[in-house]
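*Asks:* What Swiss-Prot shows for this protein is this:
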| type | residues | note |
| --- | --- | --- |
| ACT_SITE | 130 | active site, proton acceptor |
| BINDING | 17, 18, 19, 20, 21, 22, 23, 24, 25, 40 | ATP binding site |
| COMPBIAS | 301-311 | compositional bias 'Low complexity' |
| COMPBIAS | 343-365 | compositional bias 'Polar residues' |
| DOMAIN | 11-279 | domain 'Protein kinase' |
| REGION | 301-365 | region 'Disordered' |
């Protein structure tokens, strides 16, 4: 990628920071203001171009909480380009940062926002169809506690936005999305509807609690055979077994989503209340203190203590008051490798939770 490529005569392309279902994502800079943005590029020679469609979906969803704002779309040289808000790390990156386990409090804090994001997308007559940790990114700066949903390359309208006429029930459909989090009906080839996005979210929440899902790492010679094995394991694992060791609300959630009929409107408020009531019974405080926030704070405090000790060692005759915490960003690279070999991510993490800068990531494909 040429580093001097300009997008819309206003944005300079930088290094690659991630990949979506269709196209790669680069760090960009507004050459006038210096503001950093994310730029998604797709070759104009792509066999099945999707970026313009994704841009149209973003436009329809524009203004929703946790929906990134698109600043520019057009063709530049041999690329379709979309310029949008720069966001922080994905939930998959943060999961790795937290040693691949989230506390119950963090899972419940996330569940509340994630259900709301899906509800908003559905209210605009769209399905996401690829609900997974990689497609949820935290904000930066003042919006650092807000979960954002991205990657609408596989999104699909499930009803007419005026008449609300639902798409027809169909079978023999190919699997769309990510097999690990796909609903059972999606595996069975049934047309996706609202229930499927929510079932996928259920698997994401259980994944965060458990650290992995029973159908991860299954061996097969072809992709089709692997999908079949995942489906068989998913069907044969009762929700009570899948959620064993965790509050029954997770099993109740999954059983509810699986009980919905094709064109049913889910009761999003009921699902949120399910987890909010559990949150209250656990006497948690709604303070946005996620696991990664606490870990960064611990790292920051340790670093501050080390700096203080170094100062005292260097000047034993004069004991000075500890320096004020600086606002610089200290990036720390860590490589994480998920068992099964499908993730190998370098995640530069900001140790200062109050930092206003972006956290650049290389997201898994």
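Heads up, the Cβ atoms here are built off N, Cα and C, so glycines get one too.
These figures come from a predicted structure and were not determined experimentally.
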*Asks:* Three states by DSSP: which one describes residue 25 (ATP binding site)?
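*Replies:* It is in a strand.
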*Asks:* Where residue 19 (ATP binding site) and residue 130 (active site, proton acceptor) are concerned, what is their Cα separation in Å, rounded?
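*Replies:* It is 14 Å, counting Cα to Cα.
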*Asks:* Report the nearest neighbour of the residue listed as 'active site, proton acceptor' in space among the binding-site residues 17, 21, 23, 25, comparing Cα positions.
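*Replies:* Comparing Cα positions, the closest of these binding-site residues turns out to be 21.
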*Asks:* Over all pairs within 17, 18, 19, 20, 21, 22, 23, 24, 25, 40, the annotated ATP binders, what is the largest Cα to Cα distance, rounded to whole Å?
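*Replies:* This binding site's residues have a maximal Cα-Cα distance of 14 Å.
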*Asks:* Please determine which of the binding-site residues listed here (21, 23, 25) has the lowest count of neighbouring CB atoms within 10 Å.
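*Replies:* Lowest Cβ count within 10 Å among the binding-site residues (21, 23, 25) is 21.
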